[in-house]
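Annotated features, as they stand in TrEMBL:
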TRANSMEM  27-49  transmembrane segment
DOMAIN    31-173  domain 'Sodium/calcium exchanger membrane region'
TRANSMEM  69-91  transmembrane segment
TRANSMEM  103-123  transmembrane segment
TRANSMEM  129-148  transmembrane segment
TRANSMEM  155-174  transmembrane segment
TRANSMEM  271-288  transmembrane segment
TRANSMEM  300-329  transmembrane segment
DOMAIN    300-449  domain 'Sodium/calcium exchanger membrane region'
TRANSMEM  335-357  transmembrane segment
TRANSMEM  369-387  transmembrane segment
TRANSMEM  407-426  transmembrane segment
TRANSMEM  433-452  transmembrane segment
Amino acid sequence: MPNCTPRAVEQFPRDIFSQQERKEGAILLHVLAVLYMFLALSIVCDSYFVPALEVLCDMLHLQTDVAGATFMAAGSSAPELATAVIGVFIAKDDVGLSTVVGSAIYNVMFVVSVCGLAASSAVQLSWWPLIRDCLAYLVSIVALIVVIMDEVIRWYESILFLALYVLYIVFMFFNQPLERYFVHRLRCFPPEASSNPDQVVVQYEKVGYSESNGSGSGSGVFLRNFLKSIVFPFQLKRSFFFHQFCFSPSEIHKAAPDENPFHAPRGRCAFFIWLLSLPLIAMMYVTIPDCRRDSLRKWFLVTFFMSLVWLSAFSFLMVWMITIIGFTVNIPDSVMSLTFVAFGVSLPDVVASVLVIKDGLGDMAVSNAVGSNVFDILVCLGIPWFLQTCVLAPGTTIQVYSEGLLYSSITLLSTVAILILGIHFNKWLLDKCIAIVFMFVYIGYSILASLYELNVFGYFHPEECPSEY
């Protein structure tokens, strides 16, 4: 192991405050900046990024659980991808890997726990989506452990990650026939936990819509199949041009908000949050088309890419500020990434899952949480690793500095068993009781992973190198 770990803060622009000034109180400004970036990420994902993906997927069909494991997972994991790219190309340390490892336990335990607490009543889950997604997650964890075991990332290992995700997409494409085959043959699960393989309508968010007449009080945003657009790119191209110019009003179910975004809401709390968000709302209103509006729905691809630009910018600022905070209080970068960065970049997963759980779509909410981990590990790590080792600098390697991340990844294996066994012994119901159990597991794991990085159980993480930042 190296004698010390390079400080990630050295790879970022210089701070306007000195170390002494930060210790004397200026660090509070950085904390406020991090909280503001959390708010910015939430606004971009909820108001622009997810709606753009909804319009794209509106032209195709997909089961609710598959939509959660693929479409929602990819959309809500955009900040993790941006953070991983920052870790490889800018920070050049374990910040991206630590964030993915930290957000993995966050998604499985914390997000599912919040869903159980947010649901108005106990939600019946189906065994097939959970078992399917947990098996894919298990394969991803094993691949991560094998790859980082020697603390060096090579070009063929990055290709392995991307290849595994392609296999995952292909597997999800055949989800319906596989579900029909296994659901009727495996009798070890209760009948009430058997899903309906023929369900293809996906409800996402509460808006006034009824499939029969286009209005009503039921749940309304209907997600479609992002999967087929990956498997059949030529079909996507054909259908894209058709739908872009031939949308009927009933095909985009998520209506734009009626009120002006610059109109102050009622209530002190709502007004205070709106006032804080006003600069963000103004920037996004000017730079990102709101594809929820009829006049702008043709511009959903512009909305998609501009949302990615803002997500990347906000993620960069968030990681920069958190890195400075960790440097100031002398906390290892990996610990900050396992906790605060993972919390920030995973906020979209919480928002997306809570929205669907309120409509009673437990399978979609849980599949989004678990499917996000598959995307985080295989894609959010695989893409920047591939670009570095195969495209920008072929033949080079990426160093993993912390051995503690290996033990943290091994510990992730236990979360799969805890999730499945917890739901199974709770009769496949997601209620507040099991949600509280998952919340304690999340807190315990976060403490354990941080103790690994702080060398409490042994010398796993080299000391931070001195810096004049």
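Note: Cβ is positioned from N, Cα and C throughout, glycine not excepted.
Please treat TrEMBL annotations as automatic predictions, because they have not gone through curation.
Panel annotation: around the transmembrane segment (433-452), residues 101-102, 105-106, 109-110, 112-117, 335, 338-339, 404-405, 407-408, 411, 415, 418-419, 422-423, 426, 460-461 of the same chain, lying at least six beyond its termini, place a Cβ under 8 Å from a Cβ of the stretch. Against the transmembrane segment (155-174), stretch 369-387 shows more Cβ pairs under 8 Å than any other of 103-123, 129-148, 271-288, 335-357, 369-387. By number of Cβ pairs under 8 Å, the transmembrane segment (335-357) is matched best by 27-49 from the list 27-49, 271-288, 300-329, 407-426.
Across the candidate stretches 27-49, 103-123, 129-148, 407-426, the maximum count of CB pairs under 8 A to the transmembrane segment (300-329) is reached by 27-49. With DSSP classes pooled into helix, strand and coil, the tally for the domain 'Sodium/calcium exchanger membrane region' (300-449) is 123 helix, 4 strand, 23 coil. Most Cβ pairs within less than 8 Å of the transmembrane segment (103-123), among stretches 27-49, 271-288, 407-426, belong to 407-426. Between the transmembrane segment (271-288) and the transmembrane segment (27-49), three or more CB pairs separated by 6 or more residues in sequence fall under 8 Å, so the two stretches touch.
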